[in-house]
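Chemist: This structure is in structure tokens; I'll ask about it shortly.
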Amino acid sequence: MKNQTTKNIILVFVGLALLSGFVYLKWDNFTDVGTNLINLKNSHPTQMVSYDTFLHYLENGAIKKVDLYENAELAVFDAFESLDQNLLKPVPLLSSDTLFGILNSDEFRPIGVKIPVRNSSLILTLRDYKIDFTAYPIVNFDSIWPILSVLLIPVLLIVVYRLFFSEGSNYDFFGNLRKARAKIQLDADTGVLFSDVAGIDEAKQEFEEFVSFLKMPQLFTAVGANPPKGVIIVGPPGTGKTLLAKAIAGEAGVPFISISGSEFVEMFVGIGASRVRDLFETAERNSPCILFIDEIDAIGRQRGTGVGGTNDEREQTLNQILTEMDGFKPTSGIIVIAATNRADVLDSALLRPGRFDRQITVYLPNIYGRIEILKVHSRNKNIDSKTSLKFIAQRTAGFSGADLANILNEAAILTARANLETITIKQIYTAIERIIAGLEGVLLNDSRNKRLVAYHEVGHALTGTLLKNHDDVQKVTLIPRGRAQGLTWFTPDEQPLMTRGQLSSRLIGTLGGRAAEKVIFGKMEITSGASNDFFKVNSLARQMVTRFGMSSLTPMAMELPKPTIFFGRSVQTRPDCFLDIADKIDLQIIEMVEDGFEKACITLERNRLLLDQLATLLTQIETIDGKEFEQFVSTYTGLPKKPQLKIVKAKENKNKVKAPV
């Protein structure tokens with residue numbers, strides 16, 4: 001307290017010294033201001049008379065003094081009563097208010113007169129009558145602003161010190177900046193259990209021992225086992241990483257502390273590290289608990305990857321996280337869970353044992369996982385009993401849990417919009433198509449464009465149906481959605497491994513739309529509707545050549561895995577292959593695409609009658625279901641059998657080689 005009083009006294013003296021110094025340096029401005037204020041007071045007459053009256057007063061000796069203002073354009077004079085009462089009227093004796101306050105005066109009010117422009121004889125006239133006169137400069141307040149601006153500097157310095165930097169201040173500027181902007185959520189009970197998490201059973205089994213540790217840590221410590229300090233959940237967006245972390249806290253009955261990785265990053269140096277300390281202090285006060293950091297890649301990126309390897313605020317924040325996790329005691333009861341979909345960019349020091357001990361990957365759900373997820377999200381929705389969740393799961397391959405929840409929510413909105421009581425399969429299908437392709441557009445009325453689109457879409461579907469390695473047709477429609485004038489849906493194979501035959505069939509089927517346009521209408525009538533198809537074909541062919549080794553060029557991959565996308569590293573990477581090899585790769589891609597396009601054209605030319613009838617049918621009914629499409633095709637030609645995995649027999653070697661002993 002005594003030290004604070006001493007500081008305040010010193011601060012007062014410093015402030016007074018600053019003010020005195022500024023006043024001394026600007027004294028000339030103060031004197032100018034004082035003169036201007038006096039001139040301003042006297043230059044405001046309370047009564048104005050004409051110039052003739054002024055001359056009349058002057059000739060009769062009723063004026064004793066004249067003050068000239070505004071470059072002699074205004075004259076203010078004091079008049080007294082003349083002996084001749086008929087000639088002059090006395091000036092009334094009144095009290096007046098000056099410009100800046102209250103001034104009670106016993107003198108006559110000053111009388112003013114406007115002097116005609118360029119009246120050079122006035123000065124001579126005043127001298128002839130021996131009248132005292134004084135000429136004043138124009139009142140100028142420009143000299144006030146430098147004084148105010150200069151005085152403002154020490155005042156602001158004192159205020160800033162008192163508010164932000166003094167001890168005992170009620171307003172901690174940087175403390176509030178550190179804490180107020182960091183949104184740390186503390187939930188005593190998340191209300192989420194493992195039963196609310198579906199489709200990721202493998203990940204749930206891994207987390208069961210975390211729940212056991214939080215409930216009964218003595219079981220681990222009794223046998224000398226150190227509980228895990230942290231775990232990173234890796235997976236695509238919408239796969240339930242945050243929900244899984246909440247379920248762990250809910251099952252264990254411990255507080256759930258969550259924060260986003262972007263909350264640590266600020267423009268002020270040291271703020272991120274300070275927030276990390278505050279976060280772990282909060283966790284220690286509420287232990288045992290779950291500490292969840294979402295999108296940890298915002299602060300956990302590899303260090304030294306910027307241009308020049310400079311150290312920035314993000315690296316300081318990461319260093320603080322590493323230090324805090326090293327400081328955990330075995331019995332602290334804090335488990336740090338982080339979530340990211342970019343595990344490849346994380347720093348290696350963050351992933352070592354003792355910090356984040358485990359890395360659990362959450363994949364997109366398979367058909368059985370999607371069924372379980374649909375069951376969870378359909379609990380509070382009135383879905384028609386005839387609606388098959390398995391059928392919906394078959395139509396939603398590659399969808400995440402968040403996507404499935406969004407589908408049911410969109411279907412519920414469509415049901416309410418149609419004033420229906422239950423959600424039917426029709427609303428669910430419409431919701432799926434809206435999410436994938438966009439809003440439904442207006443049907444084409446032009447018969448020519450409608451036939452062009454019909455042949456294009458039937459070309460995709462028919463080519464895919466007649467290829468034995470292609471996915472099954474799900475739906476063909478002329479109803480526009482988004483930018484597409486028509487759509488052909490296939491049910492993708494969920495197997496993680498793709499054969500060369502499957503990829504080649506997909507390439508040919510994608511080119512089936514342009515092939516149908518060429519076969520039916522000729523080269524001059526091909527449309528721009530295949531632009532997106534060519535983009536997909538080029539990407540697929542390049543992967544087959546450079547990544548999968550499925551070309552005649554070489555059985556090896558000619559494209560290295562892309563490093564983490566950092567500017568500092570990208571400018572140093574060398575090309576994956578020589579320029580002459582790159583030219584050969586481009587030629588191989590062109591050859592594969594041209595070969596696929598030729599095969600698509602041959603397939604459609606051999607089935608020209610079937611192509612015409614399907615296009616006519618699609619033009620009439622506008623939508624054909626996948627099963628109906630296959631039945632229609634099977635009446636004209638046999639459908640290919642799905643390939644079975646065959647083992648190539650070994651060639652008999654005439655030169656028998658003895659086995660080594």
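Cβ atoms are placed via backbone N, Cα and C, with glycine included.
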Chemist: Of the residues ASP357, ASP384, ASP403, ASP533, only one is listed by Swiss-Prot in the Zn(2+) site with HIS456, HIS460. Which is it?
Modeler: ASP533
Chemist: Calculate the per-residue pLDDT averaged over the topological domain 'Lumenal' (29-140) and state the result as an integer.
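Modeler: It averages 62.
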Chemist: Counting across all protein chains shown, how many other Cβ atoms sit within 10 Å of the Cβ of GLU457 (active site)?
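Modeler: Taking all protein chains shown, GLU457 (active site) has 26 Cβ neighbours within 10 Å.
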Chemist: Should GLU457 (active site) be counted as helix, strand, or coil on the basis of DSSP?
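Modeler: Note: GLU457 (active site) is helical by DSSP.
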